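Per TrEMBL, the features are:
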TRANSMEM  83-104  transmembrane segment
TRANSMEM  140-160  transmembrane segment
TRANSMEM  197-216  transmembrane segment
TRANSMEM  222-243  transmembrane segment
TRANSMEM  264-288  transmembrane segment
TRANSMEM  294-316  transmembrane segment
TRANSMEM  328-349  transmembrane segment
Amino acid sequence: MTQRTKPGQDKDEPLRVSAHGSRTLWIQAFRPRTLPASIAPVFVGIASAVPILEELQTCPDIYPVPRHCVVNRQTYEQLIGSFWVVAVACVLVALFLQIAVNFANDYSDGIRGSDDARSDDEGGSDKPQRLVASGVNPKYVFTAAAVSALMAAVAGFVAIVVTGHYWFLAIGVACIAACWFYTGGKHPYGYAGLGEIAVFIFFGLIATLGTQYLLVGSVDGLGVLGAINTGLLSSVMLMVNNIRDIDDDMVSGKRTIAARIGKLWAQRLVCAMLVIPVASTVFFAVSSMFVSDFWWLPTIFAVVNVSCAFVAIRTLRGFNPHKFGKALAFSGFILLSYAAAHVVAVAVAL
């Protein structure tokens, strides 16, 4: 493993890092910027579940009360009793899975030597420092990933036991496996250009629709729309990250989509992936004008969403590695503003 040097330090003098790593280095390894975006799809799923709950309370004012109304009322009382417990559990699952995959990637890339190709001036660029590549004992990083995955598993098991949907155990196992095999194992799928597809599935479809289903026992068109959009926007974040790392990935043999198609086409793909989510946010704003006096709330988030998309795209066009942190941050804001618009649009329509 190559030794890092500080700016201005002689290259023959290694930068020594404790085997345990500094507190700052561990905080960076958490990738705090990724955490809000990881739970955004869950909040979209929670919001999408609320209209289904409200529909269960809809019943014609007649006597005798129709049987389906009685059944719906019983279902509502059963679901609402565990709603927030399950919702919090789903948030914790997404949060700890994101932390787990961050540590797992650091560990796997570090022991494989993929991070050795990274520039020595990461501190001066927008690339976060890696634990293993900085000299931290790999077993500590692996333990951190395992503990985070265990916490996610515990939270997920709580949600499954409360709802009784035990077949979700298979989905939970698949999620943990996806976290590990992204960069772990003999044939990591992240090195084969399948990372964005996996993110779309696990941090979009499963995170959003899984949350909605666990909360109310069904999914609908609103949930599907939210799942597609959060999946696309989560994939955009990974794509921007991979465009930033494209040169280093080419050296290390990590054949991401960006590395395969090149910077220009990767940028164009990002633009294409933004079309449906940004259009959906604008749709929420426009449709809210016809159903609520609080139409201005979704409109605010729509403006933020479009603005962030514009800034992210302009930043990407420069291909300046020192500005990719800005593009990555704004791609995260696109996801967060979409989630906020989705949640608020549901709230004002009730």
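Glycine is no exception: its Cβ is also placed from the backbone N, Cα and C atoms.
Taking Cβ pairs closer than 8 Å, the transmembrane segment (328-349) reaches residues 33-34, 36-37, 40-41, 43-44, 46-48, 50-51, 126, 222, 226, 229-230, 233-234, 236-237, 240-241, 244, 274, 277-278, 280-281, 284-285, 287-288, 291-292, 294-295, 297-298, 301-302, 304-305, 308-309, 311-312, 315 in its own chain, all 6 or more past its ends. Within the chain carrying the transmembrane segment (264-288), a Cβ under 8 angstroms from the stretch's Cβ atoms is held by residues 225, 228-229, 232-233, 235-236, 239-240, 242-243, 246, 257-258, 294-295, 297-299, 301-302, 305-306, 309, 312-313, 316-317, 334, 337-338, 341-342, 344-345, 348-349, all 6 or more beyond its ends. Same-chain neighbours of the transmembrane segment (222-243): 34, 37, 40-41, 44-45, 47-49, 51, 195-197, 199-201, 203-205, 207-209, 212, 249, 256-259, 263, 266-267, 269-270, 273-274, 276-277, 280, 312, 316, 319, 324, 327-328, 331-332, 334-335, 338-339, 342, 346, counting only residues six or more beyond its ends whose CB sits under 8 Å from a CB of the stretch.
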